[in-house]
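Enquirer: According to TrEMBL, the feature domain 'G-protein coupled receptors family 1 profile' maps to 41-290. The feature transmembrane segment is assigned by TrEMBL to 25-48, 60-78, 98-120, 140-162, 197-216, 237-261, 273-292.
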Amino acid sequence: MNRSATHIVTEFVLLGFPGCWEIQIFLFALFLVIYILTLLGNGAIICAVRWDPRLHTPMYFLLGNFAFLEIWYVSSTVPNMLANILSKTKVISLYGCFLQFYFFFSLGTTECLFLAIMAYDRYLAICHPLHYPTIMTGKLCRMLVSLCWLTGFLGYPIPIFFISQLPFCGPNIIDHFLCDMDPLMALSCAPAPITELIFYTESSLVLFFTITYIFRSYTLLLRTVLQVPSAAGRRKAFSTCGSHLVVVCLFYGTVMVMYVSPTYGITTLMQKILTLVYSVMTPFFNPLIYSLRNRDMKLALRSVLFRIRISQNL
């Protein structure tokens, strides 16, 4: 194509999910309900951890921070997706697209790191219970949480900045509901193999190191649990770790398919569904997964609801 005949793109069109207007209204209502329930569920966990003294432990401190992260993670995509569904033009500005791209990947990286330190916490609690209180102190918890946020947000500014500086000469249509790496690189009219290599290497290292550490921790943890003589003790250990492992499998399973395995054989619609699972459905299911199998959390959530009712009656 002749460069003189091209124009510089200043906005992108996010096609989102296909369908007639009735389907779009249905999807809008569905995602809006899921988003509200996600905010309420994770917000309830934060309040329960904050207000209930029984939950002032390292495990619940990490869970409360994880719920706070999930609120931000789902908010990096769903509000714009909802606006896009109702929009006739489905346009997002160039800067808005890259801002979403940055927050989506930074928060996703932070989530991987959070899942790793939560696995470390469970490993210490079950494999080294006598040393757990002296190792997993409040100071260490705060330091690990801060490290997760800093690493997540400082890892991507440089590669995403270089991607944003690439010339986009048209077309400007992204067949997705968010700004992702592959669609953006496909629209660039200049190749950037080094930038792509750096970005994918960084993403792959985060995924592989965290998932390897998580499964190594759970292998050691499982070995210790199986040595517990009482069946009640084994059930209690499995119940505290099972919730975390379900979240890990749900999140990493879909992320690995999207960003590690080859995606050329996956249809565009399936890529959208997979992205929807780890970016929207995982934060939605987290409060249910962590509360339904946890007696202390259920009691704390009841206490929070009781406080809300009393405050409304006053």
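Including glycine, each Cβ sits where the backbone N, Cα and C put it.
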Enquirer: Please figure out which one of 60-78, 98-120, 140-162 racks up the most CB pairs under 8 Å against the transmembrane segment (273-292).
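Expert: The stretch I would name here is 60-78.
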Enquirer: Flag the pair the transmembrane segment (60-78) / the transmembrane segment (197-216) as in contact if three or more Cβ pairs fall under 8 Å (sequence separation 6 or more).
Expert: no
Enquirer: How about long-range neighbours of the transmembrane segment (140-162): same chain, 6 or more residues beyond its ends, C-beta under 8 Å?
Expert: 58, 61-62, 65, 98, 101-102, 105-111, 113-114, 117, 120, 192, 195, 198-199, 202, 206
Enquirer: Going along the chain, which residues at least six beyond the ends of the transmembrane segment (98-120) come within the CB cut-off of under 8 Å?
Expert: 59, 62-63, 65-66, 69-70, 72-73, 76-77, 80, 92, 144-145, 147-149, 151-153, 155-157, 160, 163-164, 178-181, 184, 203, 206-207, 210-211, 213-214, 217-218, 244, 247-248, 251-252, 255, 278-279
Enquirer: Mean pLDDT for the domain 'G-protein coupled receptors family 1 profile' (41-290), rounded to an integer?
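Expert: Within the domain 'G-protein coupled receptors family 1 profile' (41-290), the model's average pLDDT equals 88.
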